[in-house]
Amino acid sequence: MKKIFNAILKGIVSSINRFPQTIGISTACVILLIYISEVIAGTSGDFIETLRRITMIVALGIPLSLCINLFFEGLETYKKVSLYASYLGGTVLLIFYYYFFLKDIGMLDMVSMSRYIAFSLILYLIFLFISYLPNRENFEIFAVRVFTRFFTTVLYSLVLYLGLAAILFTIDRLLGINIKGELYYYAFLIVTGIFAPAFFLAGLPTKNEILSLKDYSRLLNVLVLYIIMPLISIYTIILYIYFGKIIITRQWPEGLVSHLVLWYSVISSAVLFFITPLLHEKTWPKRYMKYFPKAIFPLIVMMFISIGIRINAYGVTENRYFVVALGIWAFLVMIYFATTKKPRNIMLPLSLAVITFISVFGPFSSYSVSKYSQNKRLAKIFIANNMIKDSNVIKASAVVSSEDSRQISSILNYFDRNHSLKDIKGLPLDFKISNMERIMGVKYTDEYNTGNNGYFYFNSTGALKPIDIKGYDYLFDSRNSRQQSASSSDFSIYFDYESSILKIAQDGKDIYEKDLMDFATKLIDKYGINPKNQATAQEEMLFEDENSKVKIKIQFSNLSGNKNTSSGKIESKNFEFYVLVKLK
């Protein structure tokens, strides 16, 4: 045990010495997240959003610094000024990304988040192959080492966090020391943001380390050859049976089959990647590599036909674009494996990084193509209803069919949720969905409120003001879900998240009880469902009440949940609030 502990500690120290910038950046992310958690309750929502964006940008520095480190580590000789210039260039790149792609204050939208995730993926893919460019051998073994080290890191981190959580829980329950819930979150951040990166990087092969088939994980060998490959083979047979059913019935499925085949193709590509080093060791992987890429072609074509039907009916959206882009990548990978006798598998992450970049940046990105497609689809409906004059949208002269009204509403809702109504051609720049009937003569149909569930969200953090505590004796924070007591008297307050009941007790007897769901229901009745997460006036989030024993004031900061629109019942909810109490 001592040897294992010393080996882990030695590895962490070596990774800090080898990648000091990366460990430092990940530590900075942890500090920022802890700081955000500490100040969020009484700080402006705009400031918190800015901090979150800064944290996201700092997090991008983790893979970027790894790429720079590994690139220069692979060079025979280099000048330190070149290394420093690269770090400076990386810093400029991150600042550029912040101001051009992540600077807007407010809720992060679909475009910002999907582009951020894609850019992160690109950087991690570059980290995977940059040290093996252009012709370094045994890239697959290196990838296997990274893959297995990642899962080992997840396992060690999970065990470490559970151990720390158990210690905190024991101190809280047995020693009577009140442990705030935030400490569990901070422990999680420290484990995942400091220990995990250091432990993971300790297992990365060094420049002079020569990798061979002996370094291939035996566990992964068994998992891929004797579990995953047979399962994929069975899954392939099932898909072919389903393919035959489609041909016989001539009924093409919508939606589901494209995603099933897509992820099946991506996983299959990964399996072919991992078995490449084993081709000369066993006959089973060699036969699999020879026949499987050809067998999967018809299934990928079926996927393209399925998603093509959806695109023809409803146009291109970002999700459909990503499905097509990833499908094209999987198709090209299968062609590559089927036609190349000696594959250079570094092409897989390299090509995926290129396709990912094209998907989120430039004129052919998913956002540009989707906006063009939906504009074209909307213009077609306008023309069919004689609603275009001099390239501008005019009020319909006749009644627009319910189907066309639904389609128009759906497209407008798409732009409003994911982009901007200003991106729609032919509409006034100040157009709002609330003006739809006046400008177009078409009544808006909310496709998201026709089902059984509606999500509501109210928050007052966008313009938080000081809470007036004059005339009250005690202040309690709901984020501490356990019973809270005043130190100077036998007085306590308790909130049950399941029933939404707030109780105040004195000398062991309840002196006040209130169902806070009543207040939430009044907000929903007044404002309706609030999917845009817009800030609600702080005064509207205030509840005051009193009886013969106590006077209270409750200031809500967040109130959210799901409402079944058929039954009118609130099925799940979440409350964050402060309670001010005055004993009479």
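Any Cβ shown, glycine's included, is placed from N, Cα and C.
For 21-42, 54-72, 84-101, 113-134, 146-171, 183-202, 223-248, 260-279, 291-309, 321-339, 346-367, the entry in TrEMBL reads transmembrane segment.
Long-range neighbours of the transmembrane segment (321-339) within the same chain, counting only residues 6 or more positions beyond its ends whose Cβ lies under 8 Å from a Cβ of the stretch, are 258-259, 262, 265-266, 268-269, 272, 289, 293-294, 296-297, 300, 303-304, 307, 311, 347-348, 351-352, 355-356, 358-359, 366, 369-370. Here the transmembrane segment (113-134) touches the transmembrane segment (346-367). Their Cβ atoms form 3 or more pairs under 8 Å, with each pair 6 or more residues apart.
Against the transmembrane segment (183-202), stretch 21-42 has more CB pairs under 8 A than any other of 21-42, 84-101, 223-248, 260-279, 346-367.
When Cβ-Cβ distances below 8 Å are used as the criterion, the transmembrane segment (84-101) is approached by residues 21, 53-54, 57-58, 60-61, 64-65, 68, 71-72, 112, 115-116, 119 of the same chain, each at least six residues removed from its ends.
If you look at the transmembrane segment (54-72), the same-chain residues 6 or more away from its ends with a CB under 8 A from one of its CBs are 18-19, 21-22, 25-26, 28-29, 32-33, 36, 78, 82-83, 86-87, 90-91, 93-95, 97-98, 102, 116, 119-120, 123-124, 126-127, 130-131, 197, 201. If you look at the transmembrane segment (21-42), the same-chain residues 6 or more away from its ends with a CB under 8 A from one of its CBs are 15, 48, 51-52, 54-55, 58-59, 61-62, 65-66, 68-69, 87, 182, 185-186, 189-190, 193-194, 197-198, 201, 461, 464, 477, 479, 557.
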